[in-house]
Every structure is written in structure tokens, then in C-alpha cells.
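Single-structure report; data block below.
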Amino acid sequence: MEKKSPRLKALLTPGEVAKRSGVAVSALHFYESKGLITSIRNSGNQRRYKRDVLRYVAIIKIAQRIGIPLATIGDAFGILPEGHTLSAKEWKQLSSQWREELDRRIHTLVALRDELDGCIGCGCLSRSDCPLRNPGDRLGEHGTGARLLEDD
């Protein structure tokens, strides 16, 4: 007797999505409150998610890992048709929007790393600009923070 392959469920419970995606059910509800994902309600008023939500949650997790704010993720999702399953080509276009920001962050982190050798332990990254060693710090007149590292 031949076994039939189990048919994939069209709709998933929040618990199933949480288990498959590795995020808490509360995170799913939060993402939904921010408009990043959508659910439908069954006759018992319980949330159910279409299977494509797994891909969207994966994208959210990736974007958050690289520091992309949820609002930016939402803007990117906003240009996609609702209920649309993202293709590899569309993912490439979507991720390219974030690449420039990621490159800028990498550049800043590399600059910070390279300046650490000059740190004297006071939290400042440059002895020549340190207000303790250089009370007349000219950069301080232009504002607070890492003035040499910030892009204006």
C-alpha cells in the first residue's frame, strides 16, 4: 500500500509559525501590530497565518540582525503586493536597499576599531581630542559625540 504524502496545511497557527521560524508568538503579534505581517481569523476568532509568513519572518530576522529598523523593513514590505510570496529576484532587490546602510555601518565600525589603539581608557577614541588631555578641544565647539566619525 502506497503512502500518501501529507498535504501541506494552507494556514498555520501562531504556535506553528513560532516553532518553524524561531520567534516567540508575542513577536509575531508585535510584527503584526507594526504591519509587517498579516493574519486572518478563523471562525473561533483565532489567528491563522498563510505559509508565506515564514519567509517574511525570516526576512525580518535577517534585517534585524544587521540593524535595520522595523520601520525601514515595513517600508520595504510596503512596496510589495499584499499576500505576495517573495521570489529570489525580489529578495535581491529588497536587500540591495539595505546594502548601502550596512556598508556605512561597517565603515564606521572599522574606523572605531582602528582608533581603539589610541584610546587612553576614558571612553574617548583619540588622545589628541580628549577633553582631559586637551581641555581646549576645538571639536567640542561643534557639538557632542564622535565628530570625526559621524557623517554630517
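Yeah, the Cβs are placed from backbone N, Cα and C, and that goes for glycine too.
Summarised by DSSP class, the composition of the DNA-binding region (14-33) is 17 helix, 0 strand, 3 coil. Taken from Swiss-Prot, the feature DNA-binding region covers 14-33.
The [2Fe-2S] cluster binding site feature in Swiss-Prot is assigned to CYS119, CYS122, CYS124, CYS130.
According to Swiss-Prot, the domain 'HTH merR-type' annotation covers 11-79. Residue counts for the domain 'HTH merR-type' (11-79) under DSSP, split into helix (H, G, I), strand (E, B) and coil, are 39 helix, 8 strand, 22 coil.
For the region 'Might be part of a sensor region' (119-130), the model's average pLDDT works out to 54. Swiss-Prot lists 119-130 with the feature region 'Might be part of a sensor region'.
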